[in-house]
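Taken from TrEMBL, the feature ATP binding site applies to 12, 13, 14, 15, 16, 17, 18, 19. According to TrEMBL, the feature domain 'Guanylate kinase-like' maps to 5-182.
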Ligand code: 5GP
């Protein structure tokens with residue numbers, strides 16, 4: 001029987017650097033990043049099906065009705081949702097899947113996926129967070145203020161997560177997440193059936209593959 005992959009939920013305030021960390025994690029590790037659906041307009045350079053599935057509000061709400069999302073949330077006036085079937089398919093094939101989603105979405109996933117790994121990305125400081133959002137340059141003044149105000153509130157939800165990772169440098173943050181994943185793969189509740197089933201003893205490949 002193929003061992004189910006690990007669902008890794010990465011969230012945290014806008015500007016904490018979740019996107020960059022996820023890209024680097026994908027480069028260095030064998031895992032999938034779930035592509036979300038959104039009703040927000042594409043930013044320059046964003047590609048449909050790669051960065052997001054860009055949908056109209058009607059298309060999105062139809063998918064909500066058809067229960068196509070593992071979770072969905074309204075974030076800064078737009079809808080965002082995680083397609084359920086592709087995530088389930090990858091997990092069942094034994095692949096680790098990363099969701100880079102907002103805090104409301106992460107909390108909904110936590111209700112349904114008890115063995116998920118929930119990681120909160122923190123900026124080194126709030127001032128640094130502000131500078132990162134400004135530097136990104138993709139926001140209007142209004143959206144920038146909204147994102148910054150939300151960041152203050154969102155940090156209060158950190159206690160709902162399993163791990164907190166400060167994004168001081170991308171390399172450090174990615175190394176910490178890789179360490180978390182190694183520890184998660186060793187957790188007895190993930191591998192106990194394999195240990196108990198094993199007639200041959202604790203063979204490395206049997207436990208972790
Ligand atoms: P952005 O518009 O900057 O790409 O994303 C805005 C926020 O929406 C980010 O915090 C991002 O993590 C979150 N987000 C992206 N995809 C999803 C999703 O499928 N579900 C939820 N709940 N949030 C998402």
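Each residue, glycine too, has its Cβ placed from N, Cα and C.
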Taking the centre of the Cβ atoms of 12, 13, 14, 15, 16, 17, 18, 19 as the ATP site, the remaining residues of that chain with Cβ inside 8 Å are 121, 123, 129, 132, 167
In this predicted model, the domain 'Guanylate kinase-like' (5-182) has a mean pLDDT of 93
Same chain, |i - j| six or more, Cβ under 8 Å of residue 15 (ATP binding site); the result in sequence order is 123, 129, 130, 132, 133, 136, 147, 148, 151
